Amino acid sequence: FPPAVFPLSCVVQNYSWGKVGLESEVAKLVASGDPLAQIQPDRPYAELWMGTHPRGDALIRDNRIPQKTLGQWIADNPACLGAKVKDAFQGHLPFLFKVLSVNTALSVQAHPNKELAEKLHAQFPEHYPDANHKPEMAIALTPFEGMCGFRPVEEIVSFLQNVPELRALIGEVAAEQLERSGSDDPRGVSAALRVCFTRLMKSEKKFFVDQLNMLVKRISQEAAEGKDTTGSNGDLLLRLHSQYPGDIGCFTIYFLNLVRLEPGEAMFLGANEPHAYLHGDCVEVMACSDNTVRAGLTPKFIDVLTLCEMLNYTPAPSSSKIFPAAQSQLDPHVYLYDPPVPDFTIMRIEIPASIKLYLISAMDSASILLVIQGTAVGTSTAAASEMSLHRGSVLFISANESISLHLSSPDGMLLFRACCLL
C-alpha cells in the first residue's frame with residue numbers, strides 16, 4: 001500500500017498585513033518545521049496554508065509518493081477522505097487549515113451564504129471566484145483581537161452621542177431612529193441599524209475624510225492633554241487611522257464588537273457576520289472558498305452595496321462571540337470546536353508531560369495535524385517510516401488511520417487537528 005499518513009510542506013502567503021520576520025508565528029513555525037527555510041527579517045509572514053487550495057496546494061514530503069502535492073494525491077486517492085466526506089464534498093477536501101499572524105488590521109468583511117455566493121459568482125466571477133460559502137473559525141495562539149458582529153444598540157447609541165463626527169455622517173434622522181428603537185422590537189432595531197450602517201458606509205468620500213480628520217485631531221488633542229478617550233474608542237481609532245489613513249473602515253469600530261481572545265479561545269464567523277481581524281496569531285479553519293465581500297480597511301476591491309445588503313444586523317454583546325470548546329467525552333486531552341456547519345471541525349490536543357505514549361485516534365475523515373509545541377516520534381501502520389514531529393510539523397492523516405506518538409519533550413505537546421465530522 002502507498003503511505004496514507006505523510007508530512008506536508010505548506011505554502012506561506014506574504015500579505016502586507018502580516019507580522020514581519022521572526023515576530024510572526026507563521027515564520028517561527030516554518031523555521032522550526034523546516035531547518036532549511038530562510039526567514040527574511042523584513043518580510044511579512046501573514047498566513048500558512050495547510051490544504052489543497054489551488055493558490056497554495058501543500059507539497060508532500062515523502063519521496064516514495066509519486067504525486068507532488070496533496071491536491072493531486074487526494075484526486076488520485078479520494079477514498080482517503082472517508083466515505084461520507086468524499087460523497088458530501090465531491091471528492092474534495094472540504095476545508096482549508098491556516099495559521100495567521102496579524103500585525104495590521106485585515107479588511108472589514110463578511111462571507112456570503114451559499115445562495116448569495118452562487119448569485120455573486122454568476123454575476124461577478126472576477127471578484128467572487130467560486131460558488132461556495134466560507135464560514136470560518138479562529139482559535140487564538142497568542143492574545144488575539146478582532147472585530148466581530150454588531151455591538152449592543154446601547155453601545156452604538158452612546159457613541160452616536162459622544163462622537164459628533166460619526167453622527168454627522170449618519171445623519172440626524174437615522175441616528176434618532178436607532179435611539180428610539182426599542183428592545184421589544186428586534187426587527188425594528190435591525191432595520192434602524194441597517195439604515196445607520198449603510199448611511200455610514202455610503203457617505204461621500206470627501207465628507208467622511210473631513211469628518212475622520214476632525215475626529216482624529218480632536219482625539220489626539222484630548223489624549224495629549226491626558227483626557228480619557230474611551231467614550232470615543234480613542235485608542236483603537238488612532239491605531240486604525242495610522243494603519244489606514246482616510247479609510248471609512250475606521251468608523252466601523254463604533255458599530256462592531258471588539259473581541260479579545262486568550263490563547264485557546266475561539267470565534268466562529270458564520271455567513272453574513274461582519275468582522276475584521278486586528279492583531280495577534282491564530283489557527284483558522286474555513287470552508288474552501290475565496291468569497292469575501294469587503295468594505296473598508298483595505299486597498300482591495302470593495303463592494304459596499306453588497307456588504308450592506310447581506311449583513312446580519314442582530315446586535316449582541318462581544319462576550320457572545322466567543323465560541324466554547326467542549327472537552328471530548330472519549331479523550332480528556334482533546335477539546336472540540338464543532339461549529340454549526342458541516343465543512344469542518346477543529347480539535348485542540350494538549351498532552352501533558354507525564355504521558356509518554358499517546359494515540360492520535362482514527363476517524364472517518366481525512367485530517368491535517370499541526371504541531372505547535374513539543375516533540376515526538378510518530379509511528380503508523382499507514383506511514384512509510386517513523387516520522388519526527390516537532391514545532392511546525394504538519395501531517396496529513398487519511399481517514400481511518402491512527403498515529404502513535406512517542407513523546408520526548410519535557411513540557412508535553414500542543415497540537416491542532418482539522419477534520420470534517422459528518
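Any Cβ shown, glycine's included, is placed from N, Cα and C.
Pulled from TrEMBL, these are the features on record:
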type	residues	note
ACT_SITE	Arg294	active site
BINDING	Gln109, His111, Glu136, His275	Zn(2+) binding site
DOMAIN	5-153	domain 'Phosphomannose isomerase type I catalytic'
DOMAIN	169-256	domain 'Phosphomannose isomerase type I helical insertion'
DOMAIN	336-376	domain 'Phosphomannose isomerase type I C-terminal'
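Here the domain 'Phosphomannose isomerase type I catalytic' (5-153) has, by DSSP, the following mix of helix, strand and coil residues: 40 helix, 43 strand, 66 coil.
Using the Cβ center of Gln109, His111, Glu136, His275 for Zn(2+), the list of other same-chain residues with Cβ within 8 Å runs, in sequence order, Ala110, Lys134, Leu269, Glu273, Pro274, Thr292. Counting every protein chain shown, the number of other Cβ atoms lying within 10 Å of the Cβ of Gln109 (Zn(2+) binding site) is 24. Secondary structure by DSSP for the domain 'Phosphomannose isomerase type I helical insertion' (169-256): 67 helix, 1 strand, 20 coil. Sequence-distant contacts of His275 (Zn(2+) binding site), defined by Cβ-Cβ distance under 8 angstroms and a gap of at least six in the same chain, are Val108, Gln109, Ala110, Gly146, Met147, Cys148, Gly149, Leu256, Met267, Leu269. The recorded positions in question are His111, Arg294, and the one with the fewest Cβ neighbours inside 10 Å is Arg294.
In the predicted structure, the domain 'Phosphomannose isomerase type I helical insertion' (169-256) carries a mean pLDDT of 97. All chains included, 24 other C-beta atoms sit within 10 angstroms of the C-beta of Glu136 (Zn(2+) binding site). Spacing of the residue listed as 'active site' relative to Glu136 (Zn(2+) binding site) is 16 Å (Cα to Cα, whole number).
Across the domain 'Phosphomannose isomerase type I C-terminal' (336-376), the DSSP tally of helix, strand and coil residues reads 0 helix, 21 strand, 20 coil.
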